[in-house]
Number of protein chains: 2
Amino acid sequence: MDQPVSPLAPTTVIEPAPVPGVRLATRACGVRYQGRTDVLLALFDPGTTVAGVLTQSVTRSAPVEWCARGLADGRARALVVNAGNANTFTGLRGTSSVENIATAAAATAGCAPGEVFVSSTGTIGEFLPDARITLPLPEMAAEARADGWVAAARAIMTTDTYPKTATAETHIGGVPVRLSGIAKGSGMIAPDMATMLAYVATDAALPADVLRALLGPAADASFNSITVDGDTSTSDTLLLFATGQAGHAPVTGPDDPALAAFRTALNGLLLDLAHQVVRDGEGASRFVELRVTGAESDRAARRIGLAIGNSPLVKTAIAGADANWGRIVMAVGKAGERADRDRLAIRIGGVPVCADGLAVPGYDEAPVAAHMKGRDILIEVDVGIGQGSATVWTCDLTHGYIDINADYRS
Amino acid sequence: MDQPVSPLAPTTVIEPAPVPGVRLATRACGVRYQGRTDVLLALFDPGTTVAGVLTQSVTRSAPVEWCARGLADGRARALVVNAGNANTFTGLRGTSSVENIATAAAATAGCAPGEVFVSSTGTIGEFLPDARITLPLPEMAAEARADGWVAAARAIMTTDTYPKTATAETHIGGVPVRLSGIAKGSGMIAPDMATMLAYVATDAALPADVLRALLGPAADASFNSITVDGDTSTSDTLLLFATGQAGHAPVTGPDDPALAAFRTALNGLLLDLAHQVVRDGEGASRFVELRVTGAESDRAARRIGLAIGNSPLVKTAIAGADANWGRIVMAVGKAGERADRDRLAIRIGGVPVCADGLAVPGYDEAPVAAHMKGRDILIEVDVGIGQGSATVWTCDLTHGYIDINADYRS
């Protein structure tokens with residue numbers, strides 16, 4: 001838990017701007033950790049809508065099941081997140097704990113329990129001491145204020161080595177709109193989506209169905225395109241709240257041209273947060289961008305990218321600054337998608353390494369080896385079949401990952 | 001390359017008994033390695049049949065493509081294997097190299113090139129100096145003799161830390177029949193089948209279609225049920241040769257009752273070799289047997305077992321002797337197969353750890369923790385859905401894996 005800050009961390013932590021209609025509070029409740037904040041309460045003004053993307057795990061946690069029901073209604077007034085205990089694999093008692101938290105938060109916020117969203121992250125299989133969370137909620141609500149996003153990001157950290165925040169100002173129909181968000185996650189990170197929690201709020205006025213239509217593709221191109229270890233958490237939750245206080249004209253639907261800038265800002269903000277998660281990958285020493293082109297479809301390209309990004313042999317080669325493109329060929333081969341071995345082309349750091357199924361004639365490894373020694377690695381792979389493309393981000397696999405996971409009880 | 005012998009290695013290396021109709025020769029040809037044998041030539045008497053299982057990789061090597069054609073005919077007279085260079089991703093020149101080797105071996109053995117099987121294992125993407133293999137073939141053929149299986153196993157090693165051999169005596173219709181075999185592989189090991197080469201010979205008289213029918217299920221329950229790192233090689237090849245010299249009565253087909261003992265012996269021998277591959281898993285310190293029951297089908301059970309066996313978080317927990325069953329729950333959840341979270345049950349070292357979606361009441365971790373410190377770990381998972389079951393074998397993920405793969409150019 002006292003890991004040094006990742007060498008890939010952003011040099012500064014951004015303090016996101018307040019979002020009208022959102023108030024935040026954090027507290028050291030001693031759920032598991034001592035001497036640090038571990039519970040976040042976010043309160044949303046009446047009229048707030050919500051959309052979300054949840055883990056596809058079949059052993060998903062009680063809080064995730066609770067959120068799934070709330071998302072069907074699409075209305076939100078409060079969010080409660082604790083770190084240190086995932087309330088996963090805790091049976092009926094786990095479900096009761098979620099209900100206790102939602103009921104208590106609802107009483108505090110003056111809303112229905114179904115308008116309260118609950119997340120828990122940390123150790124699996126231990127009962128959640130929910131009274132440690134519910135009892136302080138009224139005091140936390142009284143203290144809640146519009147700023148404090150970095151504090152919120154800190155309160156939900158587990159093996160994270162730095163808080164992850166992002167903020168953006170955009171507009172809808174010429175009216176300024178704010179987006180601010182936080183994320184956590186550094187291991188058990190893979191699509192669908194891995195112990196990854198992310199919460200984004202905006203003051204845009206968007207019905208839940210519009211939020212859903214915007215969030216799905218944005219999540220696919222960000223949180224569902226990153227991987228640290230290929231492991232999928234039982235708890236991943238991405239929620240997007242819209243308080244509706246920006247004062248812009250109503251939108252007609254998800255395809256309203258007035259949403260173009262907002263869509264771009266949302267995509268960028270989620271990608272920013274997702275990259276921060278990869279940059280905090282357990283033990284990571286290099287950040288890797290994998291661009292796959294020439295696949296049968298965009299979906300096939302993403303699967304190929306993830307096969308490369310999840311390959312232990314590719315990831316250890318990158319850790320060793322080894323431009324071992326043979327392992328990339330291997331990973332393409334196992335992805336389960338079409339690829340033409342004899343048209344396959346790979347570039348590393350922009351330098352052609354192989355093409356047409358062969359090492360590039362006169363290939364000079366020196367500039368590639370120099371690139372591999374850097375912090376940011378770019379690998380481009382064209383599989384020679386079609387027009388599908390995707391970009392995936394990952395990190396290397398180092399001794400640090402073993403150090404962290406051979407003794408952390410998560 | 002000078003790794004110490006795996007702590008999980010068998011205490012003795014078995015010298016398999018000669019198989020009538022098979023002669024072996026090895027030689028230090030300097031393909032890549034110096035100071036060690038690196039080429040194996042096996043000669044089979046006329047009338048030998050063959051069946052095989054090859055990698056499913058879409059970037060499979062030129063030798064694998066060559067073997068696929070030969071398997072269609074099902075006749076074999078020679079096998080040539082080199083270590084140090086995989087002749088993969090080498091374009092038309094790679095194909096020429098295979099043809100050169102097959103032609104030279106055919107001339108030596110007095111057979112058609114299509115009756116020669118060729119494998120190469122080692123670095124990907126470098127041209128194979130095939131003359132270093134073809135020129136010595138006549139001398140090797142002259143030296144070939146019936147014994148020397150351990151020497152054969154040594155000649156095909158790459159990152160292996162010990163030679164892998166197995167032998168069995170069985171009978172068909174009361175007539176004694178011999179099976180002897182070798183394997184190599186320690187990284188890039190996953191179903192379908194990973195840099196894993198295995199060659200088994202028997203003096204049974206079995207048509208190629210009978211061999212195929214026997215080999216498929218035996219491979220599924222052995223080499224396709226092991227994983228070290230989830231990576232799939234471009235070169236995996238499993239070949240079963242039958243020289244027909246045992247003198248038993250002809251069999252009527254794969255379901256002939258006279259084959260019962262042979263089938264059992266073949267299954268056992270392949271499983272033995274497959275376990276030896278896992279026990280040589282790069283950096284492995286513990287051998288792990290994962291028994292999955294209660295799945296929708298046997299196939300689903302195997303997928304769940306492989307999801308657990310490939311999970312970096314499970315494997316690092318095992319490395320740390322941590323009975324972290326929460327990570328097992330996580331891996332079951334991500335397997336993409338049905339499981340009932342609230343009926344899931346896990347036993348470690350035979351001790352119930354959780355049941356009905358909860359930690360077992362009064363769970364005492366002490367005996368489980370003691371088991372986790374051993375060399376052989378048993379994990380049983382019942383997913384509470386149906387009658388499907390499977391057993392999968394893997395090893396832990398340690399610093400040794402990083403050490404080996406962050407600088408070996410494979």
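The first residue you see is number 1, and the count goes up from there.
A Cβ is built for glycine as well, from the same backbone N, Cα and C atoms used for every other residue.
Feature list (source: TrEMBL):
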- B:Thr195: active site, nucleophile (ACT_SITE)
- B:Thr158, B:Lys184, B:Thr195, B:Glu282, B:Asn405, B:Ser410: substrate binding site (BINDING)
Check each of B:Thr158, B:Lys184, B:Glu282, B:Asn405 (the binding-site residues) against chain A and write down, in sequence order, those whose C-beta lies under 8 A from a C-beta there; write 'none' if there are none. B:Asn405
What's the most sparsely packed of the binding-site residues B:Thr158, B:Asn405, counting other C-beta atoms within 10 A? B:Thr158
With every protein chain in view, how many other Cβ atoms are within 10 Å of the Cβ of B:Glu282 (substrate binding site)? 29
Test of understanding: give the count of other CB atoms lying within 10 angstroms of the CB of B:Lys184 (substrate binding site). 27
Which of the three DSSP states, helix, strand or coil, fits B:Lys184 (substrate binding site)? strand
